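Here's what Swiss-Prot has on this protein:
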SIGNAL    1-26  signal peptide
TOPO_DOM  27-188  topological domain 'Extracellular'
DISULFID  C48-C117  disulfide bond
REGION    67-104  region 'Disordered'
DISULFID  C108-C148  disulfide bond
DISULFID  C131-C170  disulfide bond
CARBOHYD  N151  N-linked glycosylation site
CARBOHYD  N161  N-linked glycosylation site
CARBOHYD  N166  N-linked glycosylation site
CARBOHYD  N176  N-linked glycosylation site
TRANSMEM  189-212  transmembrane segment
TOPO_DOM  213-219  topological domain 'Cytoplasmic'
TRANSMEM  220-239  transmembrane segment
TOPO_DOM  240-282  topological domain 'Extracellular'
TRANSMEM  283-306  transmembrane segment
TOPO_DOM  307-320  topological domain 'Cytoplasmic'
TRANSMEM  321-342  transmembrane segment
TOPO_DOM  343-361  topological domain 'Extracellular'
TRANSMEM  362-382  transmembrane segment
TOPO_DOM  383-409  topological domain 'Cytoplasmic'
TRANSMEM  410-428  transmembrane segment
TOPO_DOM  429-440  topological domain 'Extracellular'
TRANSMEM  441-463  transmembrane segment
TOPO_DOM  464-591  topological domain 'Cytoplasmic'
MOTIF     474-477  motif 'Important for interaction with G proteins'
REGION    516-544  region 'Disordered'
Amino acid sequence: MGAARIAPSLALLLCCPVLSSAYALVDADDVFTKEEQIFLLHRAQAQCDKLLKEVLHTAANIMESDKGWTPASTSGKPRKEKASGKFYPESKENKDVPTGSRRRGRPCLPEWDNIVCWPLGAPGEVVAVPCPDYIYDFNHKGHAYRRCDRNGSWEVVPGHNRTWANYSECLKFMTNETREREVFDRLGMIYTVGYSMSLASLTVAVLILAYFRRLHCTRNYIHMHMFLSFMLRAASIFVKDAVLYSGFTLDEAERLTEEELHIIAQVPPPPAAAAVGYAGCRVAVTFFLYFLATNYYWILVEGLYLHSLIFMAFFSEKKYLWGFTIFGWGLPAVFVAVWVGVRATLANTGCWDLSSGHKKWIIQVPILASVVLNFILFINIIRVLATKLRETNAGRCDTRQQYRKLLRSTLVLVPLFGVHYTVFMALPYTEVSGTLWQIQMHYEMLFNSFQGFFVAIIYCFCNGEVQAEIRKSWSRWTLALDFKRKARSGSSSYSYGPMVSHTSVTNVGPRAGLSLPLSPRLPPATTNGHSQLPGHAKPGAPATETETLPVTMAVPKDDGFLNGSCSGLDEEASGSARPPPLLQEEWETVM
């Protein structure tokens, strides 16, 4: 038994949901607007009008003959009519009508009621059709019902001049019983707080890494690019929500009734000239998709970089940094531009939402490929970590300690590789009810929105090198502030940790004619008595590679790349390879 045996079990546990239904990963952020719904309704109406012409022609031939109308069966399930090649939902038997009156008679003519294309109805029977899938928030497993009376007319609502229809099964997802308002309010709060905290923490992290010159190295450059992608993703989500807030929201869906669906369906489709009004939401959706894709690809770049450091003995970091930059920002721009071109030419309607046909795969396939590839890299790195732990700690620690080290390293890598995406990916997004659905949505909203915050905490604020630079900068600032305050009060007393130095102007005789000189023309020992103290550097002067602190911080070795120094990691522009001993030191830092 060894720590290396955890890796195969972990791979088997996490790989299945990734390969089974990874496609649901991107659809979680999809937005369905009212304009898109109107477009789908009018497209369904056009298809129904074409079908009605053929069916009415067939019905006229039937009524001209003396054969009457006899339904094929009463099973209530759709079947395919061989004669015309069209689908005709079969009728459900109405037990209130005598059997003899249902055998022959004039059928109810098919028609479009602004929601469903109703087929021919057998006299005296209830016609059931599946809830249309082009109504986004319908329960697509239910049915809508109409009744055809014995005279061959659709039954009307008593006292109203409209046809009776029952859409209760289709509307069950829109009731307050299944879509509880407090659940969605809580999810919205998690969503907003998470992305806000991620945006704020990532902004601070980028400023820290950019400010300190000693933190400038390839590893931190890649971190900064990934942080920036998280920031742009969060900002684009807020902008997209603000632009599309007037769309087909959950509040509207809860209040939606059959009559309102008829009103929506009767709105004429917008003319081509009105497409200019969609420019704002289309730009918002396009930038959201681009920054979403770049975020996934910079997560993949982090995985590729770490994988290359471990498995490549000669790895030119500066040389590959440009390639990583083009890969992370340029490749998503290519397939997003292709998607924009396809939408603009083939489906230039509404706000260019992803849910329009199979065109969404132009963006989803590259993103899902990056997720699967990053997951494979994660499993391989965990496998190597387990092997190295078993080899380096053989005979020095027990198995439980090895497991704890492996678990700690794994948890550090989880937010970097986005492994949390795989937990609920096998569950469909259509089941908008139940305890399991609520657990899934709370989990995904929490980790998706807070992922940037976790990454900033682990890879910047908990980085020992970053903490050391902040302490040095704080000590220099407080020392300079204390020196200025003492100088204004007539004393040059200052302190540096436990060390105290004091030079007073009263120690100089009045006959000497001297005052406390603060000019840099004096020797360093006189003008700046603390210049030889540990860690001192002139304000504004760049740090040198030879500058070291006499007292170093104890950094745990198994914190991985969190506390690795930037010194010595980057190579010269000539692309000289790192010697094998340095690679071994880097590997020991990982462990």
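Each position is counted from 1, following the chain as shown.
Keep in mind that glycine also has a Cβ here, set from the backbone N, Cα and C atoms.
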Tell me, please, if the transmembrane segment (321-342) and the transmembrane segment (441-463) are in contact, taking contact as 3+ Cβ pairs under 8 Å between residues separated by 6 or more positions? no
Across all protein chains in the structure, which of the glycosylation sites N151, N161 has the highest Cβ count within 10 Å? N151
Under a three-state DSSP reduction, the secondary structure at C48 (disulfide bond) is helix
DSSP on C117 (disulfide bond), three-state: which is it? strand
With Cβ distances under 8 Å as the criterion, find the stretch in 189-212, 220-239, 283-306, 362-382 that has the most pairs with the transmembrane segment (441-463). 189-212
Could you round the CA separation between C148 (disulfide bond) and C117 (disulfide bond) to a whole angstrom and send it over? 15
Counting Cβ atoms within 10 Å of each candidate's own Cβ, which of the disulfide-bonded residues C108, C117, C131 comes out highest? C108
Counting by DSSP secondary structure, give me helix, strand and coil numbers for the topological domain 'Cytoplasmic' (213-219). 5 helix, 0 strand, 2 coil
